[in-house]
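For reference, the structure discussed in these notes is given below.
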Amino acid sequence: MSVGLGLFAGAILAGVGSAALVRLLFRYRSRPGATWLAVVFAGQAVFCVATAVGMLGPDRGVRIAIEAVAWVGIAGLAVPFLTFALAYSGRGALVRRRAYRLLWLFPATIVSLAVVTPATGALWRGFRTVPTGAFVTVRYDLTPVGEAVWLAGIGIIAAGTVVLLDTARRYELYRTEITAIVASTVPPVVPALLWSFGVGDLPYLNLLAVAFAAHVAVDAYAIHVTDMFEVDPTARRLTEAATLDHLDSPVVLVDDAGRIVRVNPAAATAFDVDPSATLKRGVDDVVGTDIDPNRDDQTVSVHAGDGRRTFAVSPTAVRDGTGGVVGYSVVFQDITAQRTRQQRLAVLNRVLRHNIRNDLNVVLGNVQLAREAAAGDDETAHDGGDSDGNGSDEDWSGRADLAAAERRAADLLSVAEDARVVDELVGGTDDPVPVSVADALADAVAEAEAERSVTVSVESNCPAAAVDPEALRTVVARTVSALVDRLDGRIAVAAGAAGPDAVAVAFRGDGSVPAHEIDALTNGRETPLEHADDLDLWVARWGADAIGASLSFAPDGGSRTVADGGPAAANGGADGAWGDGGSGGSGGSGDGGGDGGVVDADGAPDAVLSLPRASGGDGDAGVGPDDSAGVAGDGRHVGPRIRRTRKR
């Protein structure tokens, strides 16, 4: 068989095969990349058929026009192949970018140049026909523009090949079909380069059309035999990306130097950052604390969007093919609820053991004393008492012992009530709603059933708080109860605005809360030396966390934040209340002065509760600055009774 016949047969075979693959791909047109691969084969079919027709020996003018058509077919190869590679490998988002769309100017330019080349010589010059056996081939020299276009097309195809190779390296499941597609690019690229640089004995013979026959055969294997479009890597890649993006846990990807290369949406929310602004920043800088990528037993506490959160940090090294570390995947697992439960169980366990042991000992002791008293009274009556053998009920010596036992038994019942209140607070509160601070304070003070007078004053322009009203009343009532047990004198409660985002409630008495109790609250655990004397402070702290508030105490004159639960604290809401205060009168009945100065001029508060401010109006109906509400120990009772464990 002559060389010419071989070239002709190869071109026809490649053209028909390419057209057949276009039809085959039509059934997969909904699969990622299938349509673009069909465009590639359509371009091949045009090029191969035009080459074969041109070899039949038409006159010069027609042959030049046919060569221009062949170049139009070439225009459909490079960019569509790269687009196929990106879409098939799960990188379809790149194809839809505006910058990528500019790449389509390349095939449009080739088509335009091919159309005008017969008249202008834009792509080639020196066009002439050369007899090759019974057929005719052509010979011409590419112009610099033609050379640039030809090599650029090869470069674009090479870029698509690199994309496919990377996908094959990442995903073993798709390695066979991708390897076949990559291998199919070799037969046409080699003669294209040889023809471009004039290498070989017959440089004018463009073997590209014949090489496409081998290309089509390998692609047919990949498409039909390996079912490359039945299961494609797009699902795997996009699922992995979606998994990272939809994880509830914050995930930060860093390089080997600790610079951030990606954060998922959960991390952006947790650390209150713009994802694009974190790139190339140190992870320590974004998180706000040091992270050791080689330790897996770390915990960090950060101010997240909904309050202070505790995260367990789990770094995992990312290694390359040689085993070298190229970066780390750092997962932050929110353990705030777990820590709170552990803390609650530890505290309740200590209180329950302490109260049950001590109170039951007292109950048993008093019952024993009452029994002994009853036995003694019976003996006295038998020896010479009442003729009926009965002593006077009013004079019975065991009455006081039974009364003491009854009080202790009531204290034990109050422990169960405390556990119920804690469970309701920590278990979940209602969605925040605008709450009148004045009304909430008045109800809470009455609810506390304090043993001495508690005064309430609220600034006339005090804004509403955005909290669960029942939980707020519990927090304030427990704070008041704790201060009544620990401080002397009258307790004054004052409230007012504290900056643009918070409402501050300040508590004041004579003295201060013992430092060892605040140490226990701050550390989140109790020890034999550092523990609260009852559950009031713990309930106040847990409740403040639950409603997104901050709670601070001033043991021994220094401010200590024990609950840092929300944006009120994050925005410095409580700080204003710890200032010099305003010009309010004694006993907490003044207006509290300026913004955040909700304590009278006699001194700093003993405790401050900073609440998230409700959006909307500034006013808050209720107790005004000149209408201080004095609620005595026997004041009215509002809402469910809050029993309290007795101070030890």
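Glycine is treated like the rest: Cβ placed from N, Cα and C.
Summarising the annotation, TrEMBL assigns compositional bias 'Low complexity' to 562-572 (among others).
Residues annotated as compositional bias 'Gly residues' in TrEMBL: 573-597.
The feature compositional bias 'Low complexity' is assigned by TrEMBL to 598-607 (among others).
Residues or ranges marked as compositional bias 'Basic residues' in TrEMBL: 638-648.
The domain 'PAC' annotation in TrEMBL covers 295-347.
As annotated by TrEMBL, region 'Disordered' applies to 374-397 (among others).
Here TrEMBL flags 562-648 (among others) as region 'Disordered'.
For 6-26 (among others), the entry in TrEMBL reads transmembrane segment.
The feature transmembrane segment is assigned by TrEMBL to 33-56 (among others). Here the transmembrane segment (33-56) has Cβ contacts under 8 Å with residues 4, 7-8, 11-12, 14-16, 18-19, 21-22, 25-26, 63, 66-67, 69-70, 72-77, 80-81, 83-89, 92, 132, 135-138, 206, 208-209, 212, 215-216, 219, 229, 232, 234 of the same chain, all six or more residues outside its ends.
The transmembrane segment annotation in TrEMBL covers 68-90 (among others).
The transmembrane segment annotation in TrEMBL covers 102-124 (among others).
Only residues 6 or more beyond the boundaries of the transmembrane segment (148-166), in the same chain, are considered here, and those with a CB under 8 A from a CB of the stretch are 74, 77-79, 81-82, 84-86, 88-89, 91, 103, 106, 109-110, 113, 123, 142, 178, 181-182, 185, 189, 192-193, 196. Residues or ranges marked as transmembrane segment by TrEMBL: 148-166 (among others).
TrEMBL lists 178-198 (among others) with the feature transmembrane segment.
According to DSSP, the domain 'PAC' (295-347) comprises 12 helix, 30 strand, 11 coil. If one looks beyond the transmembrane segment (178-198) by at least 6 residues along the same chain, the residues whose Cβ comes under 8 Å of a Cβ in the stretch are 142, 147, 150-151, 154, 157-158, 161, 164-165, 167-168, 205-208, 210-212, 214-216, 218-219, 221-222, 226, 228, 233. Long-range contacts of the transmembrane segment (68-90) within its own chain (CB-CB distance under 8 A, at least 6 residues past either end) are made by residues 32-33, 36-37, 39-40, 42-48, 50-51, 54, 103-104, 106-108, 110-111, 113-115, 117-118, 123, 152-154, 156-157, 159-161, 163-164, 166-167, 232-238, 241.
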